[in-house]
Amino acid sequence: MTGPFRKLLSAKIHRATVTGADVDYEGSVTIPPELLEASGICAYESVHVWNVTRGTRLETYAIPGTPGSNDVCMNGAAAHLVHPGDRVILATYTMVPEDKVAEHRPRLVFVDAENQIKHLGPEIAGPQRRSADETASTPQDDKAVQTAKGC
């Protein structure tokens, strides 16, 4: 792979509910292994945490939680910025060669208030999301994603 690269979204867990915060732990965000697998986020991978509730943003790394749990826990210093009950978006990025940008698809996981997977698939832009929510009872599938050539 040669030539320029673009930094694109690789994975996102959308609107997870934080279930715990442990300032005394050395760092990281604990994520259920089922959500890690569905999103493609690896253990110890760098993760951006966007706090929808408070408007804060931080970067840490992912560690797998207990299988079958719904626990999303902020650990270490991050626990000062994110508290139990907060809704967060967890995201990772990857470098994609310029000639592969048009075919790149991030892995998106949408969860409910209990951190259970609602659906996987494409993100719909704000105004389009509102229209889709009003008219559709099921999420769109990956085939419906429109790709912007060259961004």
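Each position is counted from 1, following the chain as shown.
Positions of Cβ are set from backbone N, Cα and C atoms, glycine also.
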Per TrEMBL, what member of T56, T60, T94 joins G76, A77, A78 in binding substrate at one site?
T60
Among T60, G76, A77, A78, the record's substrate binders - longest CA distance, Å:
10
Where G76 (substrate binding site) and S28 (pyruvic acid (Ser)) are concerned, what is their Cα separation in Å, rounded?
7
For Y61 (active site, proton donor), just give me the three-state DSSP call.
strand
Using the alpha carbons only, what distance in Å do you get between A78 (substrate binding site) and S28 (pyruvic acid (Ser)) once rounded?
8
Could you tell me which of these binding-site residues, A77, A78, has the greatest number of Cβ atoms within 10 Å of its own Cβ?
A78
